[in-house]
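So that you can see what the record holds, here are the features copied from TrEMBL:
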- 90-197: domain 'PET' (DOMAIN)
- 192-223: region 'Disordered' (REGION)
- 198-211: compositional bias 'Basic and acidic residues' (COMPBIAS)
- 232-297: domain 'LIM zinc-binding' (DOMAIN)
């Protein structure tokens, strides 16, 4: 038997988590004042795996609320109107037959596509690389949590989480978020080839902008016919898709396009789109991080989107004026000599010290 359930978890301790990149050279996460890194080891928050299930569900609930995907959220009791992500957790219990009393082997997937029957859900999971399958307690579950932090930063949607916003920029960010929710944000739908968008019922995860009885509409408004002879091809790898294998549809792309589950990736970083959350632009799917960066520069210091027209630039990167500072001593470097090692900005004194 397979059980689908909405997951609501309790927060987990975070600051005591040692860094996974530098293998515990710091005692635990010590947040910097404005950088999204550990003050001790200089690694990112995602390297410390700080977020809890509840924090992730709150974040995605906020992202999907006030959008046509709000059916994937639920109002949180006592949450002052806040909405939480109705994340599907799939629990599979298989009996183990032995000479003695039977026991059960239970596998828990921390996320599964909504609205699927048991067979299709399991087929979908089998088409995902094993190291990315979100089985609780495995590398795949950690990969999902890390990608939630990486692809969907909270500070890309919530102005209250930003340290780089100057006075007068709050409205710019609010309009930016409102616009991408209306025009670009999407959640992929898993179905068999040719069945995407069919049978819409109240409470289903997708809210079709295209009538399912008509041909799919492309981004330029022209009607696209269904594939001749019932042959379907993946948009990414262009390989044929068997009619009995689940695929991913993106309603903003039109229902004449489909993807293998493992091929539904960001066009910029080629990483699988976590929980099928995508942003549609220029005929391609993007993760949230790279979609935002395609419209506005991102500060290499605080990792937030820059809404000011005055910012520093060097070697293809950008910084808020107040964040153009040495990584080690925090001296502002506007008009001063500096070195750039990867993304690490250093004053000449600290740069020389590191070479010694």
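The backbone N, Cα and C atoms fix where each Cβ goes, glycine too.
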- Message: For the domain 'PET' (90-197), report the average pLDDT of the model, please.
- Response: 91
- Message: Within the domain 'LIM zinc-binding' (232-297), count helix residues (DSSP H, G, I), strand residues (E, B) and coil residues, in that order.
- Response: 17 helix, 18 strand, 31 coil
- Looking only at the domain 'PET' (90-197), what are its DSSP counts of helix, strand and coil residues? 45 helix, 21 strand, 42 coil
